């Protein structure tokens, strides 16, 4: 008798032909033995009789001419019927690759929650220690000092060791830095700043690791959606940090959120190590159908091992000699400029311009990140659908990035003219929400132009983005000190958005670039 959950070949043929190929869970092989002997193919004799080798007491099923069911397609695509569409969606939601995307989203949520705590804590800390806005900008930028170089190193480590291992070490290290912040602050300002630098160093590996895991786990037609899921967690981390930090501070002191978020990071590492594998082929729980679907739908870079591993020193000169690389660097720099200026200064902006209290300022600053999480996933699905419907990858990336830059540029001009905190929050929500379309532009493009160097290329562009973020974060503080207002700085940021859009649309491509050859 066949083991439970397996079907004999004859019984399997009796299943309806419309049954999806993923009805079984784990990978299984059909039984080759029945009652201890091999089961040869049945020989059908005329007049519906069976050969002696198969004395079964019923007539064979009639052969139907219906074609086999279609292969699984991207979630949201339009299969032949409603039942098949529901089956495809159910398979996607319960698949191993979605678990990977969800865990990546949680890691990025913790990444931003640990980062954004300082945006709220800077207000009471400045009041307690008498910091000026310019010095507060320096304190907030201390995270970026560590973040400056680590994406390049982290990207190279990701390309060499894989995203699972590097992400685990990164989350453990930045959670430790967050957890130790109260202890460091009780001793000296410089020690406290050192924990923020360590936080930035560790968080520099997060996005390269995410990109590497998406590259390994998702076919090309699902990568925008996967990045959308992961980056939704990234933005929800902003919301969680901004909304919960004032509440926790009111009950556990200024450094309460640092301790709580640090502990959650340690818990995430335990789950990640035990439940997630580095590649689909290493996963014991993945079904044969899902493994085949992933490998057929992507162009994977082979897992590097031994002599096959990538060179320890990436070809930086070759990478920097191509215009698509500079398009990515420019886009990442502008994205980081706008992102960190909004993330770091909006609570202060609402408190100083509209004179609201800290908790209200946090609420006004948090709402846009919820919109960014939602629209980021929507942008991913739309981007994948455009590619499925025949739009070129290059044009798709340019459309997404244009929306992600022109939208915030226009919205910041509206924010500049707002007369109330509610209107200002609405414009800010539009700016941050549309900004998420860039995740389906430059952020996915890293995997497309150089899959074998996606980690280090992400690190290079991220370092440029960190320079821009430091300049923007510190520059905003000095601008307010000198000019007494944020308004001129917002106009400057809008102009930078528009110029970066033009540069991207001229030089970006969605095709693979030859970084190893002589071309």
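Each Cβ is built from the backbone N, Cα and C atoms, and glycine gets one as well.
Residues or ranges marked as compositional bias 'Pro residues' in TrEMBL: 56-72.
According to TrEMBL, the region 'Disordered' annotation covers 56-82.
Mean pLDDT for the domain 'Major facilitator superfamily (MFS) profile' (100-511) in the predicted structure: 83. If you look up TrEMBL, you'll see 100-511 marked as domain 'Major facilitator superfamily (MFS) profile'.
The annotation transmembrane segment is assigned in TrEMBL to 143-161 (among others).
Listed as Cβ neighbours of the transmembrane segment (166-185) (distance under 8 Å, sequence separation of 6 or more from its ends, same chain) are residues 104, 107, 110-111, 114, 117, 154, 157-158, 191-192, 194-196, 198-199, 201-206, 208-210, 212-213, 255, 258-259, 261-266, 268-269, 272-273. As annotated by TrEMBL, transmembrane segment applies to 166-185 (among others).
According to TrEMBL, the transmembrane segment annotation covers 227-248 (among others). Sequence-distant contacts of the transmembrane segment (227-248) (same chain, six or more residues past either end, CB-CB distance under 8 Å): 98, 101-102, 104-117, 119-121, 210-211, 214, 256-257, 260-261, 343, 347, 358-359, 362-363, 365-367, 369-370, 372-374, 376-381, 436, 439-440, 443-444.
Using a Cβ-Cβ cut-off under 8 Å and counting only residues 6 or more beyond its ends in the same chain, the transmembrane segment (254-273) has close neighbours at 103, 106-107, 110, 113-114, 117, 120-121, 124-125, 164, 167-168, 171-172, 174-182, 185, 241, 244-245, 248. The annotation transmembrane segment is assigned in TrEMBL to 254-273 (among others).
Summarising the annotation, TrEMBL assigns transmembrane segment to 326-346 (among others). Sequence-distant neighbours of the transmembrane segment (326-346) (same chain, 6+ residues past either end, Cβ-Cβ under 8 Å): 115-116, 119, 137, 140-141, 144, 238, 320, 361, 364-365, 368, 401, 404-405, 408, 428, 431-432, 435, 438, 441-442, 445-446, 449, 457, 460-462, 464-469, 471-473, 476-477, 486, 489, 493, 496-497, 500, 503-504, 506-509.
According to TrEMBL, the transmembrane segment annotation covers 366-387 (among others).
Non-local neighbours of the transmembrane segment (399-418) in the same chain are 331, 334-335, 338, 379, 383, 386, 424, 426-428, 430-442, 487, 490-491, 493-495, 497-498, 500-501, 504-505, 508; each lies 6+ residues outside the stretch with a CB under 8 Å from one of its CB atoms. Feature annotation from TrEMBL assigns transmembrane segment to 399-418 (among others).
Annotated transmembrane segment per TrEMBL: 424-444 (among others), in sequence order. Nonlocal intrachain contacts for the transmembrane segment (424-444), taken as residues 6+ away from its ends with a CB within less than 8 angstroms of a stretch CB, comprise 207, 211, 223-224, 227-228, 231, 235, 327-328, 331-332, 335, 338-339, 342, 346, 350, 353-354, 364-365, 367-369, 371-376, 379-380, 382-383, 396-398, 400-405, 407-408, 411-412, 414-415, 418, 461, 504, 508.
The annotation transmembrane segment is assigned in TrEMBL to 456-480 (among others).
Panel annotation: around the transmembrane segment (486-507), residues 323-324, 326-327, 330-331, 333-334, 337-338, 341, 345, 349, 353, 398, 401-402, 405-406, 408-410, 412-413, 415-416, 441-442, 472, 475-476, 479-480 of the same chain, lying at least six beyond its termini, place a Cβ under 8 Å from a Cβ of the stretch. According to TrEMBL, the feature transmembrane segment maps to 486-507 (among others).
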Same-chain residues near the transmembrane segment (143-161), Cβ under 8 Å, at least 6 residues beyond its ends: 115, 118, 170, 196-205, 207-209, 211-212, 304, 309-310, 312, 314, 340, 452-460, 462-463, 466-467, 469-470, 473
